[in-house]
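Asker: This is the structure, below, for whatever I ask next.
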């Protein structure tokens, strides 16, 4: 596979730079490898989508995906790595079902954006929940300071979303959490964008379709001592121990999505050189766009406060709705696609996940400069 950060727009005459928040752009080299193997997976005599999930060929694919993720994140044997379906939405329910229901404890939630709000709504169906921090009054433009978080030592767990795609707010590091309390993270939109101290977490999960592969599979990394905490009467698919005990095959897993996820993980390891190098590239790409915003004399106004700007989702507004619509339309003419911001924030959202090539960021930065010059 190629060693560049992703595709060139010249690779196909109709291919654009895709800034979608998810499902999102993927490495072209991975897409081409999948294309080459689509009709007949090596040694199978059939497509990877056609063989049984119990077939040794697919079991090897699953194990390879798991081992590559473990290698990238330095995940120890104290943790289970599971592949599940249902996206982050399922995890909003599964986590409190496993760690809160019947515990006699209270879960602590940190709300820095829309996905945290959705998670706490589901958690309240399973037990007692406290909101430790909520940035709603500022439309979720910042993260808490250390003094804002006073998590009790006896909490069931503390939950946060490491990167809020809609608001473009990201924790630069883990929030303070007592050692006695499992730290739980929705890492869906910044999974594998940088190294992580996995040992600080009780549970970390990510749906793949933003930064790690296609829609249909979620990765759950869970400390094994927490697997037995759940009420045995919770619905079977929600019970993490069922997935751990059955090697992510408690039911038929999303075979194709796991297969592609494994290829993306190997691309990160073999082509990009691992997560430290990927993090450096992500800092460079995001800073290029933030520099345009900061030097625009107020024409572009970033949503997130500067100390928590996202590496993955660059959000900003223009002086008027009319200019925003014009920006989106003209950008599309330059093959810069899917830039419309979420309705709750408005403006522009440029999602520049791992697979967004430097060429795409260069093209967007150049367009932003030219657009501001012509419309200021």
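The first residue you see is number 1, and the count goes up from there.
Using N, Cα and C of the backbone, Cβ positions are placed for all residues, glycine too.
From Swiss-Prot, here are the annotated features:
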| type | residues | note |
| --- | --- | --- |
| BINDING | 54 | L-glutamate binding site |
| BINDING | 88, 89, 115, 165, 186, 209, 251, 252 | pyridoxal 5'-phosphate binding site |
| MOD_RES | 210 | N6-(pyridoxal phosphate)lysine |
Asker: How many Å separate the Cα atoms of residue 88 (pyridoxal 5'-phosphate binding site) and residue 54 (L-glutamate binding site)?
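Answerer: About 26 Å separate the Cα atoms of these two residues.
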Asker: At 10 angstroms around each C-beta, which of the binding-site residues 89, 209, 251, 252 has the fewest other C-beta atoms nearby?
Answerer: 252
Asker: Let me make sure I understand the span of the pyridoxal 5'-phosphate site: among 88, 89, 115, 165, 186, 209, 251, 252, what is the greatest distance between any two Cα atoms, in Å?
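Answerer: In whole numbers, the farthest two Cα atoms are 30 Å apart.
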Asker: With DSSP assignments reduced to helix, strand and coil, which class does residue 89 (pyridoxal 5'-phosphate binding site) get?
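Answerer: Its secondary structure by DSSP: helix.
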Asker: Cα distance, residue 210 (N6-(pyridoxal phosphate)lysine) to residue 89 (pyridoxal 5'-phosphate binding site), nearest Å?
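Answerer: On Cα coordinates alone, these residues lie 14 Å apart.
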Asker: Given the recorded positions 186, 210, 252, find the one whose Cα is closest in space to the Cα of residue 54 (L-glutamate binding site).
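Answerer: Nearest listed residue in space: 252.
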Asker: Using CB atoms and a 10 A radius, I'd like the single residue among the recorded positions 54, 210 with the highest neighbour count.
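Answerer: Answer returned by the neighbour count: 210.
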Asker: Note down the number of other Cβ atoms within 10 Å of the Cβ of residue 186 (pyridoxal 5'-phosphate binding site), including every protein chain shown.
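Answerer: Residue 186 (pyridoxal 5'-phosphate binding site) is surrounded by 26 other Cβ atoms within 10 Å.
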Asker: Roughly how many Å lie between the Cα atoms of the residue listed as 'N6-(pyridoxal phosphate)lysine' and residue 251 (pyridoxal 5'-phosphate binding site), rounded to a whole value?
Answerer: 24
Asker: Does anything in the same chain, at least 6 positions from residue 115 (pyridoxal 5'-phosphate binding site), have a Cβ under 8 Å from its Cβ, and if so what?
Answerer: 88, 161, 164, 165, 166, 186, 188
Asker: Where does residue 186 (pyridoxal 5'-phosphate binding site) sit in the DSSP three-state scheme?
Answerer: strand
